[in-house]
Amino acid sequence: MLCKASLLFSLLFAPAFAAPVDSNDSTIEGPVAQNRGGFVHVPIQKVKLDEEKFKKHITSLENIDPSDAKLVSAITDFDEKLDNERYYYTAQVEIGTPPQQISLLVDTGSSDTWVFTSSTQRKRGGSGSTSIFDSGRSSSFKDNGTEFSIQYGKGSCSGSWGTDTLNIGGAVVKHLSIGLASEVSQINTGLLGIGRPMAESTYVHGGDMYLNLPLKMQAEGLINSASYSLALNDLNSGSGTILFGGVDRDYFHGPLMELPITHPSHMGVTLNGMYASGVANYNLMKKPMVTILDSGTSLSYLDGDTLSAYRTAVNSNPSFNLGSKYYTDCNVSNSLMLDFGKGHIEVPSYNFLWPVEMFVNKITAAIVFPRNSCYIGLEKNSAHEDFLLFGDNILRSMYIVYDVTDERIGVAKAKSPSGQSDIEPIMAGKPFPFSSEFL
């Protein structure tokens, strides 16, 4: 996600707001989906941090002595923004009548869809989205007159609820609850929240659950279950894909590991162990831990003990020039091995090692750091030591199936697709296609 911490970390401390009122009076107990055997394919694009902004920042540091405190302060301020803004994934949707094209961040870690408008006030670091929705131009938009407020770690947004038609991947969803942001802080794009209903801002604030996008797609018979598969593809790829209602065998090796959701509100499963390759039989984790799989966050966050054990395993060092972050040799070969109980998934180290030159100018890098140094994109989950959070830099090694209807998640080792899709629909109450239970 664009903020430093996981989505919705701070929601529990916000005042209550009313739930959006769907014009069809849809609730979680609403109409049952018709079995049409459908699925909806949605390409997603990887969006990088504004490179011009990054280059200007680097240029501004060129004339500062590497030992100067100003350098440390400047880098620390910038890398807080960079942590989760280096890249994120967006989907193109159409909202309203006539349709307006909007780009939204795809987020499995939150559950609300909201957009920027022409009147959105941007505060403290939010540069503003280039995708603006004008509700006044849509004949199908209905204002509910209810407010919303969401806190995303250091970012936040607030505004009012409405409903409108949304077209995603050719599937038309009518009367979807959409937030119109009137005020946004430190967030640069609207969100397509596709998480569980327990994480909807209305419910967290003490109100009702409502049919968010996956549930609404199921209710309208577009998909058989409120589920979707996510493939971010490899590090060099500029795109990924979401398949609502289906599983594509072309994107992963071996059978899917079907796991129960074990977090009370988010898309989390239990991770039994974590190992650094080359360090034989040494579990970095002291105990199994719930692990949230969050596409809206770029980095990954571990508890202090696990993170310390990994840093030791790869001979890393702290650097105050990176805001007390840790660096190691870029050629470190200690991949992460993740034990989900039913199988292991390997995450190559290059997915979470970033050259320090991305954070400091080349002169500073040459003076302060050993040659070929990389920042470790694994951080401490300071806000919540009781669970782990895997962001895009780990998730790209997996093919993940999220199932809201049956409260389960499927994981498998990702592979580069051949272009020969082999899609099976996800059916409520039945094993995932291509899972060990299915085969």
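Every residue, even glycine, has its Cβ placed from backbone N, Cα and C.
Database features, via TrEMBL:
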ACT_SITE  Asp107  active site
ACT_SITE  Asp294  active site
COMPBIAS  129-140  compositional bias 'Polar residues'
DISULFID  Cys330-Cys374  disulfide bond
DOMAIN    89-412  domain 'Peptidase A1'
REGION    119-140  region 'Disordered'
SIGNAL    1-18  signal peptide
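Structure with TrEMBL features highlighted.
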residue: Asp107; record: active site; DSSP class: strand
residue: Asp294; record: active site; DSSP class: coil
residue: Cys330; record: disulfide bond; DSSP class: coil
residue: Cys374; record: disulfide bond; DSSP class: strand
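Broken down by DSSP into helix, strand and coil, the compositional bias 'Polar residues' (129-140) contains 3 helix, 1 strand, 8 coil.
Asp294 (active site) has Asp107 nearby among the recorded positions Asp107, Cys330, Cys374, counting only those with a Cα within 10 angstroms of its own Cα. Regional average pLDDT for the domain 'Peptidase A1' (89-412) in the model is 91.
Of all the disulfide-bonded residues listed (Cys330, Cys374), Cys330 has the fewest other CB atoms within 10 A of its CB. Cβ neighbour count for Asp107 (active site): 25 (other Cβ atoms within 10 Å of its Cβ, all protein chains included).
A 10 Å cutoff on Cβ-Cβ distances gives Asp294 (active site) a total of 27 other Cβ atoms nearby, all chains included.
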